[in-house]
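S.K.: The structure follows.
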Amino acid sequence: MKKQPIVALESTVIAHGLPWPTNFETAVSMENKVKEKGAIPKTLGIINGEIKIGLTEKEIEHLAKAKNVMKIGTAEIAAAIALRRNAATTVSATMRLAKNAGIDVFATGGIGGVHRNVPWDVSQDIMELSKTRMIVVCAGFKSILDVERTIEFLETFQVTVVGYQTDYMPLFHTKESEYKVNIRADSPEEIVAIFNEKEKLGIEGAILVANPIPEQSEIPREELEEYIKKAVAQAKENGISGKSLTPFLLSRLTELSGGKTLTANIALLKNNASLAGEIAVALSRGGRD
């Protein structure tokens, strides 16, 4: 039976990644971008301990405004349900819940990885990417991370990284880096073909589609590095670590850049949702035009 073209979307960007009302507006825009491509968006989250595969607009607004929303990876899913909490799903939790619901395509902003100056702080996202068969569309990984170590971790954990219409790893707010990708795909159909072969071979793990931010929205690497260094130093001074670190750094980057990073973040999220919609449609057709 032909599967419906469904795209999973995460909710951490709603509850912890963007300020109100930008968070709500961006979540709705991402869903609309998926629909424009002929696919069905499903934003995931947990409301009062209940898993929601497809939040309503009212539920999205609730997560966007509510206080004390848990930020959960795969490790915290069970606790959020058992304790009847409101929870926003990160990349790892969204992947696990989406796969359990039979969804194969997921769009996010950027994946987590290894933090700068804290090499033992490695995101659950990498472990989930190594285990769960899914197509994950992102703009690379967040530029606040240790780029080289994150690339090495992805390779060690056998995550298939595919540059979309690029030979270089994009870095979230920046279109390109000096780090080459081993695999390039130039169409949704090529991505689906790789996914189908992995399925046939029974190889675990995701295909991480690195989709560069649109050129008109990117921030020059040198300029961005200045903001990041300041934000990382401030996090260290304030003793911020763990799950609080990424939201803190992204918030500081918005302030330090005069809102440039926020504008870039929104642009890449919408761009990734569009590509994921195209991939989901291609997958539902079997990967051929």
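Here, residue 1 is simply the first one shown, and the rest follow in order.
Glycine residues also receive a Cβ, built from the backbone N, Cα and C atoms like all the rest.
Sequence annotations record features per position, and here Swiss-Prot assigns active site, proton donor to GLU10 based on sequence analysis. Positions annotated as substrate binding site by Swiss-Prot: LYS71, VAL91, SER123, GLN124, ASP125. The Mn(2+) binding site annotation in Swiss-Prot covers ASP121, and the record cites sequence analysis as its basis. Annotation comment: Swiss-Prot describes LYS142 as active site, nucleophile.
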S.K.: Going by C-alpha distance, which of the recorded positions GLU10, ASP121, LYS142 is nearest to LYS71 (substrate binding site)?
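M.R.: In terms of Cα distance, LYS71 (substrate binding site) lies closest to GLU10.
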S.K.: Residues with Cβ closer than 8 Å to the Cβ of the residue listed as 'Mn(2+) binding site', same chain and 6+ apart in sequence?
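M.R.: Correct list: VAL114, HIS115, SER241, GLY242, LEU245.
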S.K.: For GLU10 (active site, proton donor), which of these recorded positions sit within 10 Å, Cα to Cα: VAL91, SER123, GLN124, LYS142?
M.R.: VAL91
S.K.: Just how spread out is the substrate site if you go by the largest Cα to Cα distance in Å among LYS71, VAL91, SER123, GLN124, ASP125?
M.R.: 13
S.K.: Near ASP125 (substrate binding site), which residues of its chain come within a Cβ-Cβ distance under 8 Å, counting only those 6 or more away in sequence?
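M.R.: Looking at Cβ-Cβ distances below 8 Å from ASP125 (substrate binding site), excluding near sequence neighbours, one finds GLY73, THR90, VAL91, SER92, ILE111, GLY112, GLY113.
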S.K.: What residues, ordered by sequence, lie under 8 A Cβ-to-Cβ from GLN124 (substrate binding site) and sit at least six positions away in the same chain?
M.R.: GLY73, THR74, ALA75, THR90, SER92, GLY112
S.K.: By a simple count of other Cβ atoms within 10 Å, which of LYS71, LYS142, the recorded positions in the record, is least packed?
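M.R.: Result for the recorded positions LYS71, LYS142: minimum number of other Cβ atoms within 10 Å at LYS71.
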S.K.: Would you please pick out, from the recorded positions GLU10, VAL91, SER123, the one with the fewest other Cβ atoms within 10 Å of its Cβ?
M.R.: SER123
S.K.: Compute the centroid of the Cβ atoms of LYS71, VAL91, SER123, GLN124, ASP125, then list the same-chain residues not in that set whose Cβ lies within 8 Å of it, in sequence order, for the substrate site.
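M.R.: Surrounding the site, in chain order, are GLY73, THR90, SER92, ALA93, ILE111, GLY112, GLU128.
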S.K.: Between SER123 (substrate binding site) and the residue listed as 'active site, nucleophile', what C-alpha distance do you get in Å?
M.R.: 11
